[in-house]
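The structure appears below as structure tokens.
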Amino acid sequence: MAEEPLYPIAVLIDELKNDDIQLRLNSIRRLSTIARALGEERTRRELIPFLSENNDDDDEVLLAMAEELGVFIPYVGGVEHASVLLPPLETLCTVEETCVRDKAVESLCRIGSQMKESDLVEYFIPLVKRLAAGEWFTARVSACGLFHIAYPSAPETSKTELRSIYSQLCQDDMPMVRRSAASNLGKFAATVEYAHLKADVMSIFEDLTQDDQDSVRLLAVEGCAALGKLLEPQDCVAHILPVIVNFSQDKSWRVRYMVANQLYELCEAVGPEPTRTELVPAYVRLLRDNEAEVRIAAAGKVTKFCRILNPDLAIQHILPCVKELSSDSSQHVRSALASVIMGMAPVLGKEATIEQLLPIFLSLLKDEFPDVRLNIISKLDQVNQVIGIDLLSQSLLPAIVELAEDRHWRVRLAIIEYIPLLASQLGVGFFDDKLGALCMQWLQDKVHSIREAAANNLKRLAEEFGPEWAMQHIIPQVLEMSSNSHYLYRMTILRAISLLAPVMGSEITCSNLLPVVVGASKDRVPNIKFNVAKVLESIFPIVDQSVVEKTIRPCLVELSEDPDVDVRFFSNQALQAIDHVMMSS
């Protein structure tokens, strides 16, 4: 028995040296179980040193180890012993595979944020310095992601040293290190005192913005937004604004793309006046950029940008660009614009929407590219709130009716999903005139998803306008279609009946819908017959018990003797459901 505690570590060592990667992976994922079996002291003394020396060459095993160690503090005896976890993670920070290093940095940050201040100074800060001075670039890349944990607890002399080291990393010979420094600058800057932020961090930032590698500069753009939020508005205008304006004219389209994505966040940081004089012209330039990717990014942010400006500025400067973009040569630019342009209506107000935006909506609704049309349809309600339903129906309804027969089924689907909302806003009279026939037409579409959506649509309309309206306008036409020569259309009608029955209530279901379903049980197509069984199962709770016994059960019993195996299965399933309810009641 005395030998038993040795067993887990022996097994772990065997499995970690096994040639089978799956065994090694399973062993690493069971580390917490092994640590519990060993106890805290032996975990610190034996398991962690063993893991530090484990030089597995498979990235998947190393990634699993980096992840496990991040949550290992409870198994080594709590926060006071957390420092023993640093050596194996330090080794993992230097491996070649990026995802392993990233996970090791994430785990170190998690451990560092829980460590005591004295331990951070004694163990964590030296670790950051060692990595930052590493000979191999991978260590230096990892170091950049740890400064924001190390800095707040450092004594004053160490703080100065850490700022100086970070500055050196930003000027490293390897672009990968500079990239890492640029992407982590915002997190580090958030921990630095304001006086040093203005002096040291801003000079680091300015170096990065002038880097000769566009991959470093584009990460510096992200830093602009992060630093802008940390600085006072006047410092932001002095230090960040010129950088962003330059970046918006950068020779690399990737950098301009990042600016287009981030620009609206900076407007809040610099305040209204600099936004008007500096950022609006920069944004207009991006909307007219010669690279489609930059225009896509800029177009996608047009509503967010307009919300920050006053309506007059938006109408004067942004709207002319929006008009140009609505006929852009790139379909992806038009699609990006269509997905957000509806949000401009509440910002610009009723008059400007009617005069300026409606013609743009109409041109996008007639766009040859289906995604553009789709994006407009799905946001129509935002415009309706601003201009009212009368104008919307006059100007946009003809286009909607046209799209209901669009050759791309996804566009037809989007229109169907929009119909109940439109119906509630148009009112019953208008709906009957213009859209009623369309709703029936969709039940006989060639695409199954459209027929399914059309059946759901009828249910939602019946809920909106009430059973009496549905009895007049929907039920007769649905019942008429039940004898269609194509079995797929007959199946859609069964689906529509199962959805409409709960809305219509027991009386109409028994008198109008049930006879059609029972009639369909004599259909020659097995698919129809087993769908009859499914429909009867869904509607029997709505009707009286006498109807179940007189009509539904005999029909299902007959189907349960059908030659087709599926028909028998579903009819027996329905009979069991009925029996179960009868017994429980």
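Using the three backbone atoms N, Cα and C, a Cβ is placed for every residue, glycine included.
Residues or ranges marked as repeat 'HEAT' by TrEMBL: 8-46, 85-123, 162-200, 201-239, 240-278, 279-317, 318-356, 357-395, 396-434, 435-473, 513-551, 552-585 (among others).
Same-chain neighbours of the repeat 'HEAT' (552-585): 514, 518, 521, 526, 529-530, 532-534, 536-537, 540-541, 543, 545, counting only residues six or more beyond its ends whose CB sits under 8 Å from a CB of the stretch. Looking at the repeat 'HEAT' (513-551) alone, the prediction's average pLDDT is 82. Sequence-distant neighbours of the repeat 'HEAT' (435-473) (same chain, 6+ residues past either end, Cβ-Cβ under 8 Å): 401, 404, 409, 412-413, 416-417, 419-420, 422-424, 426, 428, 481, 484, 488-489, 492-493, 495-496, 499-500, 503-505, 508, 512. Secondary structure of the repeat 'HEAT' (552-585) per DSSP, as helix, strand and coil residue counts: 28 helix, 0 strand, 6 coil. Counting same-chain residues at least six beyond the ends of the repeat 'HEAT' (513-551), those with a Cβ under 8 angstroms from any Cβ of the stretch are 475, 479, 482, 487, 490-491, 493-495, 497-498, 500-502, 504-506, 558-559, 562, 564, 566-567, 569-571, 573-574, 577-578, 581-582.
Residue counts for the repeat 'HEAT' (85-123) under DSSP, helix first, then strand, then coil, are 30 helix, 0 strand, 9 coil.
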